[in-house]
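Engineer: Have a look at this one.
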There are 2 protein chains.
Amino acid sequence: MATGRTHRPATRSRGIPEATVARLPLYLRALTALSERSVPTVSSEELAAAAGVNSAKLRKDFSYLGSYGTRGVGYDVEYLVYQISRELGLTQDWPVVIVGIGNLGAALANYGGFASRGFRVAALIDADPAMSGKPVAGIPVQHTDDLESIIAENGVSIGVIATPAGAAQQVCDRLVAAGVTSILNFAPTVLSVPDGVDVRKVDLSIELQILAFHEQRKAGEEAAGEPGAVLQARKESGKGPDGDVPAVMPA
Amino acid sequence: MATGRTHRPATRSRGIPEATVARLPLYLRALTALSERSVPTVSSEELAAAAGVNSAKLRKDFSYLGSYGTRGVGYDVEYLVYQISRELGLTQDWPVVIVGIGNLGAALANYGGFASRGFRVAALIDADPAMSGKPVAGIPVQHTDDLESIIAENGVSIGVIATPAGAAQQVCDRLVAAGVTSILNFAPTVLSVPDGVDVRKVDLSIELQILAFHEQRKAGEEAAGEPGAVLQARKESGKGPDGDVPAVMPA
DNA sequence: CCATCTTTGTGCACGCGTTCACAAAGACAT
DNA sequence: ATGTCTTTGTGAACGCGTGCACAAAGATGG
């Protein structure tokens, strides 16, 4: 054990806060849509609405990148697209490998979102020999044995893990040893990696459980009809008052 | 006395912070693994390591649920599994519909993580008539026309959107109108929903772009000497109440 | 029953992120 | 040129989440 998991805030080199970085892709997407409609400029208010965030937050986010706006007018769409793309590192090519070509891996390989930006699926890797050579999304699947050489030859630094949970850590270790320093993990496991390696996880099960929690809370509030209490004031409250099950302390 | 508070204390009995809720599934997963190995009790230190978090954080998280631990011993695994499951609402059955049975939708339908907990795939829905009746993961795909009746008949309150971006908002609107109040969105779009509806999004493209940012930053630091760029100054310090981040001079 | 040891539960301080509110900056009309 | 109007950029306040450090609580052994 002793997982060396030390999630570095990493907010140091350039002053860009992590929360801002996480929103930049959102802005970029909205800006790209505007660009395709040939919209020349956009105000923080409009763009914020399109991205689903607060306009003040958006302006502060952009302020970390520099002063790219014009007061009284707004932001130049094309210029901002370029600046954000550059900031995110999307002006260069990022070869990516996907490990684990099951249902999910195949779905990811077919996902158009990859190629649209700077990402390119360099290789698909699977442990099943029966998969080897079989084309998925037009790319022939290669065997896990060749993982290291594939990484090296393609200069891959980003890996996507879509294997079963049991194989994830092992695959992760091999990817890291081969030189991968950023991992997107779809397997429902906590990966432990050395410092300097970034891991982001996408976990369907966790997301559903969080939704279930809120769903239960809503249902509880609905049913918790306290007599003589608020009867119609429950409309848009983000957080309702307690009104939860009484603490029945089961021993 | 005092009582300046005009509204809910929020720190009331059941005020579980969102950040804590997001970690509960993680703890639950680790605890389930321990349970399967018939481990009777676990300390906060051990469990925290397994879940990849700080032990103090874990203890504080559990303190929001109540005092379920025994000092000098730790936490009873089985009991804690039950308590967290109950808190997350996993002791009940949650029928879920998946809309958009493409590569991703099929992968989700096949994902075992659904059934393992309280979630049950009640129906698969797709707009393509050619898909209707075709079984995916043992469940026949139904047409979008029947969306409303499917939701109603199965009492579905959680919907998963795995359609192309262009169809997502429309599907979302129909789901909400039909009574769904929690949505897990895999389409790369910002969904707008009325108050009272929860949306969580899973966006592969965004995750990759965030990784690319950090990857670029690592590469930049490695090269260390980019003109007009890297100017890293403060790292950690007393941290004054200043604004931080001197303006970066755009080239 | 008392001493000691282990581990929980939490008060407190700190830093990050969000939001408000407004001065500064520029566009535009007269 | 000057005044007005629009929108940015940001100082400041606030709230949330995190982690430290320690007292309280209970187990365990003599």
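In case you wondered, yes, glycine gets a Cβ from its N, Cα and C as well.
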Engineer: To which of the residue ranges A:26-65, A:106-145, A:146-185 does TrEMBL assign the term DNA-binding region?
Structural biologist: A:26-65
Engineer: For chain B, which of the binding-site residues A:G100, A:I101, A:N103, A:L104 fall under 8 Å by Cβ?
Structural biologist: A:N103, A:L104
Engineer: My understanding is the cutoff is Cβ-Cβ under 8 Å with a sequence separation of 6 or more in the same chain; which residues meet that for A:I101 (NAD(+) binding site)?
Structural biologist: A:A109, A:L124, A:I125, A:D126, A:M131, A:V136, A:V141, A:A162
Engineer: Helix, strand, coil residue numbers for the DNA-binding region (A:26-65) per DSSP?
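Structural biologist: In the DNA-binding region (A:26-65), the DSSP-based counts are 30 helix, 2 strand, 8 coil.
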Engineer: Specify the secondary structure state of A:G102 (NAD(+) binding site) as given by DSSP, simplified to three classes.
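Structural biologist: DSSP call for A:G102 (NAD(+) binding site): coil, neither helix nor strand.
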Engineer: Under a criterion of Cβ-Cβ distance under 8 Å and sequence separation of at least 6, what residues of the same chain contact A:G100 (NAD(+) binding site)?
Structural biologist: A:I125, A:D126, A:A127, A:I161, A:A162, A:T163, A:P164, A:A167, A:V171, A:F186, A:A187
Engineer: I want to check the contact list for A:N103 (NAD(+) binding site): same chain, sequence separation of six or more, C-beta distance under 8 angstroms. What comes out?
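Structural biologist: Expected: none.
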Engineer: Would you count the other C-beta atoms found within 10 angstroms of the C-beta of A:L104 (NAD(+) binding site) for me?
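Structural biologist: Looking across every protein chain shown, the total is 24.
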